[in-house]
Structures are given as structure tokens and as C-alpha cells.
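Q: Have a look at the structure that comes next, please.
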Amino acid sequence: MTDTVQTLIPTLDVSERVARPKVEAGVKLRGAEKVARIPVKIIPTVDLPKKPDWIRVRIPVSPEVDRIKQLLRKHKLHSVCEEASCPNLGECFSGGTATFMIMGDICTRRCPFCDVGHGRPKPLDVNEPKSLAIAIADLRLKYVVITSVDRDDLRDGGAQHFADCIREIRLLSPGVQLETLVPDYRGRMDVALEITAAEPPDVFNHNLETVPRLYKAARPGSDYQWSLTLLQRFKQMVPHVPTKSGLMLGLGETDEEVIEVMQRMREHDIDMLTLGQYLQPSRNHLPVQRFVHPDTFAWFAEEGYKMGFKNVASGPLVRSSYHADEQAKIAKAML
């Protein structure tokens, strides 16, 4: 089912390279500045490819969208919906839900598929767990996804801050279901998992993002096997909590590679899967190599269920937290 795809990403000519900026604490680098020092350089896309009809989304403008944005500003919170330019922002915000991003909006990684800014983060806001809990109570949410930037500057990678947020939220909203979408805790897996197991979420999510062949280009600083091991070890420590992971398609992978990664996920006890289309945030990000047809996404879902995934969300506009409440309900019923 796979066409031949271009997988090599050319290196910028020395004369064309962006000058490497000095990164100061609290300064957010995006676009060309962000990816200036990654191993595989990005040539800015001159003409962005036209999106097929099945990718078109409604412009996220509505009173409910504005209300939630105002509430986030009031409590000095960040939503990954905005920071990562999610195509489902309008639908999710209009439905009165949001995925909250904790530990600031500056990431210590430089992944060139991602629209979140890079830099040296400021110290953690010790009031954030309480502010997040108050915002969730104000919104009267029943299902909440909490994610974060990577914080390689922290000894535990931010695991304790996740746990503090979970504790505060459950104090103010005892009935809420919580899903965490965590970083890879590079070099800190043991301590991070000990903390997480002591205050576990209702769903534990960590995205592999792409196939291992593309990690150097798409996830510099991350390791494919490390991420698989993180998910499996959590499952071994807290077996009653569903584990979840996801991939973006369109970065240059083949269908066969996607199937192989899905099989590896099942070998590492991952219960839930999300597959969605990669959309290039700007001309300075990794280019889209292909737009995967909805029929192919449907085929991946069929194959996933055959492998034993409890739930598979697979479609062009699917993102990790898209309809996460429905995904979790189905997966938990099957555990």
C-alpha cells in the first residue's frame, strides 16, 4: 500500500544557515531559530503543499473558544491546543474541553515537527498545580488531559510536578478522569516512574511520534527503545492503568514501518493507539512527505484491533488527546 517516499532531508548550505542565537532563560525560540542546531538541518519549504479536502478544518472562532482562552489567561495556564497549533482546537474548545500544558511553554528539545517554542525554561511555578485545579473546577470538566514540555533541566524531568497537579485536581474535582501525556524522562526513568506510580493518572500516555528510522530527523535527543521501555515499565508497575501511545504519519515512513511499530507497541503492553496526519506548522518545520488517505487510516485501525489494541483512534485529524474521554472509556471496559 506504500508509495516510494523521500526520506532524506538536505543540509542547509553554510551561507544559508540561521545564526545560532544565544538562548537566555525565558526566551522562546520558534521556527528557524528553534531548529538552527538540530543534527539534520531543515531547508525552508518554498511552496507548502495544498492540503486535500479531508484535511480542511473549521476556523476556531466561537464564544466558547474565547471563554476558555480567557480562563486560561486568567489562571496563567497554557493549552497544548494553542501552543502546538492543533487542527482540532475549535472543536475541542467549543465542546468546553482542553488539554493543559504544564511546566511552562518553553521546551528543552528542538523537535522540528513541533510548533512549541524551544529555549531555557524558567523555574517551575509552584502555584501551577493549584491554579490548574481551580481552572478545571471552574470549567466543570469530567475528563482532562495534562501534558507538558520536555524539562531536561529538572532532576526528575517534571514527574513530581505532574503528581502535584494530579493530587490538587482530585482534591477539587474528585470525579474527574485524568490522562497524562508525559515526556520521555530521558536519563531519569527510575525516579520518574517511582513518583508516577505513587500518584498514577487514569491513563498513562507517551507518544512514540514516528518510526525509528526517522528519529534522528524528527526527534533529536530522543530514543525509540527508551520510549517503549518507559511505557512497558509503567504498565508493569501499575497494571490496572491503560497505557497509550501515538504516531504522526506523513514524515516519510512507509506503511510497513507503521505496522512494525504497532506490533512493537503491543509487545510492550500498550493498550491504546492514536494515528494522525502530520501537518507542517510552518515553512521552517519538517516538510510533509505524503497525505495519508482516510481509507489507509481505516486500514491501520483494522490491523490495530487485530493485534489486540483495546482502542484505536486513526484518522487524518486525530491527535493524542482528541476524544480522549471516549477512547479511555472503551479501553478501560476491556481491561
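Cβ atoms here come from the backbone N, Cα and C positions, even for glycine.
Take a look at what Swiss-Prot says about it:
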type: BINDING; residues: CYS81, CYS86, CYS92, SER321; note: [4Fe-4S] cluster 1 binding site
type: BINDING; residues: CYS107, CYS111, CYS114; note: [4Fe-4S] cluster 2 binding site
type: DOMAIN; residues: 93-310; note: domain 'Radical SAM core'
Q: Round to the nearest Å and give the CA-to-CA distance linking SER321 ([4Fe-4S] cluster 1 binding site) with CYS107 ([4Fe-4S] cluster 2 binding site).
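A: Between the alpha carbons of SER321 ([4Fe-4S] cluster 1 binding site) and CYS107 ([4Fe-4S] cluster 2 binding site) there are 19 Å.
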Q: Given the model, what does the mean pLDDT over the domain 'Radical SAM core' (93-310) come out as?
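A: Computed over the domain 'Radical SAM core' (93-310), the mean pLDDT is 94 on the 0 to 100 scale.
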Q: Starting from the Cβ centroid of CYS107, CYS111, CYS114, the recorded [4Fe-4S] cluster 2 site, name every other residue in that chain with its Cβ within 8 Å, sequence order please.
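A: Not counting the recorded site residues, we get ARG109, ARG110, PRO112, PHE113, ASP115, VAL116, HIS118, VAL149, ASP150.
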Q: When you measure from the Cβ of CYS107 ([4Fe-4S] cluster 2 binding site), how many other Cβ atoms are you left with inside 10 Å?
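A: There are 25 such Cβ atoms around CYS107 ([4Fe-4S] cluster 2 binding site).
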Q: Under a three-state reading of DSSP, tell me whether CYS111 ([4Fe-4S] cluster 2 binding site) is helix, strand or coil.
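A: The residue in question, CYS111 ([4Fe-4S] cluster 2 binding site), is coil (DSSP, three-state).
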Q: Using a 10 Å cut-off, grab the number of neighbouring Cβ atoms around the Cβ of CYS114 ([4Fe-4S] cluster 2 binding site), all chains included.
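A: Its Cβ shell of radius 10 Å holds 25 other Cβ atoms.
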Q: Output, ordered by sequence, the same-chain residues six or more apart from CYS111 ([4Fe-4S] cluster 2 binding site) with a CB under 8 Å from its CB, or 'none'.
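A: Same-chain residues close to CYS111 ([4Fe-4S] cluster 2 binding site) (Cβ under 8 Å, separated by 6 or more) are GLU209, ALA218, ARG219, PRO220, GLY221, SER222.
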Q: Count the Cβ atoms, other than its own, that fall within 10 Å of the Cβ of SER321 ([4Fe-4S] cluster 1 binding site), considering every protein chain shown.
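A: By my count, 28.
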